[in-house]
Amino acid sequence: MRLALGLCALLATPALAVQPDEVLADPALEARARALSQNLRCLVCRNENIDDSNADLARDLRLLVRERLVAGDTDAEALDFIVERYGEYVLLTPTTGGSNIILWLAGPALLLGGAGLALATLRRRKSAPDAPLTPDEQARLAEILRD
Amino acid sequence: MIVELGHFTLILALAVALVQSTVPLIGAEKRWAGWMAVAGPAATLQFLLIGFSFAALTYAFVTSDFSLRLVVMNSHTLKPLIYKISGVWGNHEGSLLLWVLILALFGASAAWFGGNLPVALRARVLAVQGMIGVAFLLFLLLTSNPFLRLAEPPFDGEDLNPLLQDPGLAFHPPFLYLGYVGLSMAFSFAVAALIEGRVDAAWGRWVRPWTLAAWVFLTIGIALGSWWAYYELGWGGFWFWDPVENASFMPWLIAAALLHSAIVVEKREALKAWTILLAILAFGFSLIGTFIVRSGVLTSVHAFANDPERGVFILLILAVFMGGALTLFALRAGAMEAKGVFSMVSRESALVLNNLLLAVACFVVFIGTIWPLVAEMLWDRKLSVGAPFFNAAFTPFMIGLALVLPIGALMPWKRGQGGRVLPHLRAALVLSLALGALAFAMQTGRSALGPVGLALGAWVVFGAATELWVRSGRGNLAGRLGRITRLPRADWGKATSHAGLGVTIFAVAAINAWALEDIRVVQVGQSFPIGAYEVTLADVRDVQGPNYLSTMAELQVTRDGQAVTTLYPEKRLYPVAGMPTTEAGIAYGFWRDIYLVIGDPQEGGGWAVRSYIKPFANWIWGGALLMAFGGMLSLSDRRYRIAAGARRTPAGVPAE
């Protein structure tokens with residue numbers, strides 16, 4: 001199932017994801033870089049974040065993120081900088097802007113709607129007798145259910 | 001010759017499926033016993049024919065018959081025998097042949113074990129099953145024929161994708177397919193019931209074992225795939241919210257909902273229309289999953305085929321079956337009046353809430369999976385929906401589910417009182433909160449994920465234990481313990497599955513919250529600490545495997561000066577496929593895994609080494625196995641055997 005990820009290795013030189021030489025000296029800054037990396041898509045792999053990806057482009061992006069953070073960007077500024085260059089596509093967490101609000105609200109809305117519907121049905125429900133079974137059917141049903 | 005016979009029997013199977021899908025249906029309508037009786041033998045014959053065809057293809061793979069296009073593209077003489085066999089389904093055409101084989105197997109099983117079904121219902125179920133068979137056999141023969149010959153056979157094959165040459169992945173597709181395709185039975189029962197216009201308690205009982213079996217297989221299949229990703233992809237990730245993963249997860253969620261709502265149909269004759277709808281949707285999501293994986297429409301770069309012709313064909317199958325079934329549903333669902341009434345506080349209501357949460361969770365996964373496609377088509381926006389979205393949007397529903405599960409499971413049918421149920425759970429609540437608080441006090445960081453996950457998982461596990469305890473009745477300890485062991489297997493199955501869910505919830509939170517990671521350059525002979533352990537890179541050497549070259553590191557792990565283990569992570573190159581893979585060195589443990597990966601040689605000497613301590617990693621799949629085992633326990637309960645009703649013994653305790 002995760003062949004997509006494995007395939008990515010084809011596009012890249014065999015390497016590990018985050019390389020030792022990329023790691024920043026400041027652990028706080030490095031932790032922020034790792035967190036940001038997990039939200040950025042490796043553009044040539046398509047299903048991996050740059051933190052996990054082996055691809056060269058992912059490495060470039062990882063370095064870029066760290067560069068921005070070292071230069072004093074906030075997390076949001078660093079993300080904006082990369083989105084400006086690579087487009088919305090690079091973000092693994094879609095924004096809530098524009099039509100995306102549908103995506104974010106679909107679950108909660110459906111839950112509320114479903115709960116409302118269930119409640120209404122429960123309230124309205126009265127015991128309406130079914131069409132009675134024929135004696136034959138009843139005997140058969142009793143036989144099956146007895147087991 | 002054998003290959004041609006296999007091709008021929010596949011075409012014959014299509015002819016048989018055509019008969020199976022029409023004659024019994026007409027017979028059931030006209031009450032012609034002879035016509036209805038065709039269904040059983042036809043289903044058996046269809047299974048035998050496809051079985052022969054599958055055997056023929058397997059034979060071609062095992063004997064490395066390179067005059068077959070499929071064998072050339074996916075096999076190699078040097079490959080170990082087990083991967084020659086798994087190579088049969090490690091590709092688009094072969095995996096579809098497996099798909100129809102399993103479909104025919106389920107149809108045949110319904111014919112063999114469905115002796116207690118009313119004749120007309122059985123005929124209709126098998127006819128619908130036959131229709132699905134026709135559609136997929138046509139798909140196979142017209143767009144994905146596995147039996148195509150080459151005019152000039154090459155000397156050797158192109159090898160199977162090395163990532164697929166792995167025991168975990170060799171058996172991942174068959175289980176997944178048993179699950180996917182097993183849901184076709186629920187679908188066939190639902191459509192047959194709609195045609196008959198009647199759903200009763202007996203229907204609920206017949207459809208449940210099939211759904212349960214499918215769900216068990218799906219659980220095992222998903223767990224195998226996740227486990228494979230964990231040890232094979234080289235950084236210990238186990239779930240990526242990849243479209244192809246979601247494709248298997250959506251039917252799993254709906255099947256879980258269906259299992260629970262079918263109980264309400266069986267016990268209380270309520271939620272009939274909803275259950276029928278779920279049965280249709282469960283198979284619908286299986287088809288959508290097949291479509292996603294086979295068509296590559298969601299830009300998931302996948303090793304399997306992705307050309308549009310096949311995608312369109314599956315979309316057509318999806319449209320015909322879902323459109324047909326849903327139309328039938330719209331026409332007939334109104335006739336399915338609920339018999340059993342229940343109050344707001346009752347087991348039924350709790351199961352409605354369970355269904356709501358599972359269905360909405362499934363919908364969230366669905367919309368997240370297709371959103372990039374929708375956004376591009378409608379607004380020309382190219383965007384991604386990745387793991388962070390799913391983690392944020394999906395998890396709350398699972399938390400809600402885990403919170404209400406122990407309460408709902410103890411609730412009596414029809415009318416319950418919170419005041420009666422909640423006191424039973426006091427101990428479970430106190431215990432799980434205490435565990436969470438303890439974890440919070442002991443951990444170094446301030447993250448709430450670990451402690452909350454622990455408390456939630458413990459709540460579900462203790463809740464399951466509480467339920468068994470409550471069911472043991474009153475009286476002294478010895479008497480209750482004795483009765484607990486004699487509870488019906490269905491009760492044990494329910495408790496086991498629920499506990500398994502709790503274990504998995506805890507483990508997923510724990511591994512995310514408490515894993516340790518270390519990335520560094522290490523010289524041969526050098527040591528470094530990670531957590532309580534000390535790791536030494538003793539050696540790096542080149543090794544020749546049966547069909548690959550390997551760079552193998554030797555890493556010695558010690559703790560307080562005591563040797564813990566020696567691990568040999570590798571970097572492999574499969575020359576035939578020209579593909580590198582990483583093989584992590586993993587020391588599996590009950591409390592933690594030590595997970596070491598060797599990287600590239602560095603310019604200044606030394607090697608890149610990644611090390612992880614993954615706490616409770618095995619618990620993730622252990623929990624999944626518990627869920628599956630619970631399902632099997634329930635299946636083995638006398639009252640739920642697939643042949644339920646075949647043995648006529650007096651009833652025991654009311655079923656759960």
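Glycine is treated like the rest: Cβ placed from N, Cα and C.
A TrEMBL annotation is a machine prediction, not a hand-curated record.
Quick look at what TrEMBL lists:
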TRANSMEM  B:38-62  transmembrane segment
DOMAIN    B:89-295  domain 'Cytochrome c assembly protein'
TRANSMEM  B:96-113  transmembrane segment
TRANSMEM  B:125-144  transmembrane segment
TRANSMEM  B:207-229  transmembrane segment
TRANSMEM  B:249-266  transmembrane segment
TRANSMEM  B:273-292  transmembrane segment
TRANSMEM  B:312-331  transmembrane segment
DOMAIN    B:315-638  domain 'Cytochrome c-type biogenesis protein CcmF C-terminal'
TRANSMEM  B:352-374  transmembrane segment
TRANSMEM  B:394-413  transmembrane segment
TRANSMEM  B:425-442  transmembrane segment
TRANSMEM  B:491-515  transmembrane segment
TRANSMEM  B:616-635  transmembrane segment
Remote residues contacting the transmembrane segment (B:207-229) - C-beta distance under 8 A, at least 6 residues beyond either end: 106, 110, 166, 168-169, 171-183, 185-186, 189-190, 237-240, 245, 248-249, 251-252, 255-256, 258-259, 262-263, 266, 279, 282, 620-621, 624-625, 627-628, 631-632, 634-635, 640-642, 644
Leading stretch by Cβ pairs under 8 Å, where the reference is the transmembrane segment (B:394-413) and the options are B:273-292, B:312-331, B:491-515, B:616-635: B:491-515
Paired segments the transmembrane segment (B:352-374) and the transmembrane segment (B:249-266) in contact, 3+ CB pairs under 8 A: yes
Dominant neighbour of the transmembrane segment (B:96-113) in B:38-62, B:273-292, B:425-442, B:491-515, B:616-635, by Cβ pairs under 8 Å: B:38-62
Tertiary contacts of the transmembrane segment (B:38-62) (same chain, 6+ residues out, Cβ under 8 Å): 2-3, 5-7, 9-10, 12-13, 16-17, 19-20, 23-24, 27, 68, 70-71, 74-75, 81, 84-85, 87-88, 94, 97-98, 100-101, 104-105, 107-108, 110-112, 122-123, 126-127, 129-130, 133, 146-147
Per-residue pLDDT averaged over the domain 'Cytochrome c assembly protein' (B:89-295), given as an integer: 85
